[in-house]
Amino acid sequence: MNEYIGQGNIKKRLGLAIKASKIRKEALDHVLLVGPPGLGKTTLAHIISNELGTNIHVTSGPILEKQGDVAAILTNLEHGDVLFIDEIHRMNRSVEEILYTAMEDFQIDILIGKGPSARSIRIDLQPFTLVGATTRSGLLSAPLRNRFGLIMELDFYSIDELSKIIERAAIVLNVEIEKDAAILLAKRSRGTPRIALRLLRRVRDMSTIRGKVKIDIYMVEEIMFLLGIDKEGLDELDRKILRTIIEVYNGGPVGVKSLAASVGISEDSISEVYEPYLLQSGFIARTHRGRIATKKAYNHLGIKVQRGLFDEE
């Protein structure tokens, strides 16, 4: 846990809960990890398992199609094991129901047979910890959400945290990187470790081809230009989203369905991948009527702000 960079508050809360559960020799409370893709939810799930000294069983919401799929996993868990369900918000509601008694009472009811002769059998489970990961906690049903004792909202990472992650990853990748280059790479990574590591690998490719021993700031700048990533970390699709809101919908408001259709990507991609960072960075704002482009978005794209549009600010 101490080696995990970033998410300081979450690490403290988890560390306290894990230590207490180990003293009591009880299963850790169920944990829900919430945040945009690439912030380390899966990594945290594995760290929880490692800190508890138990096994982790990994699955995802979309592939759990029948109650029997969940029952098969639950009955194979040992005391204190961690069951990690990624994209838990995409789990079938009928499948979700079997988790209610499993999470609360460590029991499940299985229906044997069909028709009038069918009977229900209650099976006791070993105490376990369910760790769910979601990019959209609002899509979880209230009964499921309420059964999580620990709900952790992951934040975007700071430049300093990302640069440390990049420097550590560079050692693993057997490549040297200058401090300034790591900081620049961090600034273009949208506050997301997964993106930072992906960009580092692309810069490493150029370093390999050119036979350079160390990655410098000029190499990072060149790769960012090739990838179309600007100083704010926005790529072509980010800018297309902003430009569409401004030019097609006169700055907004616009609903996610209309915006997705205009840009040519799915609603989920807008909501889960692009919108969180654009909101966090102040390029868009969300109102009850839809998304609107902010003055920062106009300035970033070099588009003249309509007279009177932001006068109230």
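For all residues, glycine too, the Cβ spot is worked out from N, Cα and C.
As annotated by Swiss-Prot, ATP binding site applies to Gly38, Lys41, Thr42, Thr43, Glu104, Asp105, Phe106, Arg147, Tyr157, Arg194. Taken from Swiss-Prot, the feature Mg(2+) binding site covers Thr42. Annotated DNA binding site per Swiss-Prot: Arg286, Arg291, in sequence order. Taken from Swiss-Prot, the feature region 'Large ATPase domain (RuvB-L)' applies to 1-157, supported by sequence analysis. Among the features that Swiss-Prot reports, region 'Small ATPAse domain (RuvB-S)' is placed at 158-228. As annotated by Swiss-Prot, region 'Head domain (RuvB-H)' applies to 231-313.
Sequence features, as recorded in Swiss-Prot, placed on the structure.
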residue	record	Cβ within 10 Å
Gly38	ATP binding site	22
Thr42	ATP binding site	16
Glu104	ATP binding site	12
Phe106	ATP binding site	16
Tyr157	ATP binding site	24
Arg286	DNA binding site	14
Arg291	DNA binding site	24
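Pairwise Cα distances among Gly38, Lys41, Thr42, Thr43, Glu104, Asp105, Phe106, Arg147, Tyr157, Arg194, the recorded ATP-binding residues, top out at 37 Å. Taken residue by residue with DSSP, Phe106 (ATP binding site) is part of neither helix nor strand, so it is coil.
Classification of Tyr157 (ATP binding site) by DSSP places it in coil, neither helical nor stranded. Look at Thr42 (ATP binding site): DSSP puts it in a helix. Helix, strand and coil content of the region 'Head domain (RuvB-H)' (231-313), in residues and according to DSSP, is 42 helix, 9 strand, 32 coil. Of the recorded residues, Glu104 (ATP binding site) and Arg286 (DNA binding site) place their C-alpha atoms 36 Å from one another.
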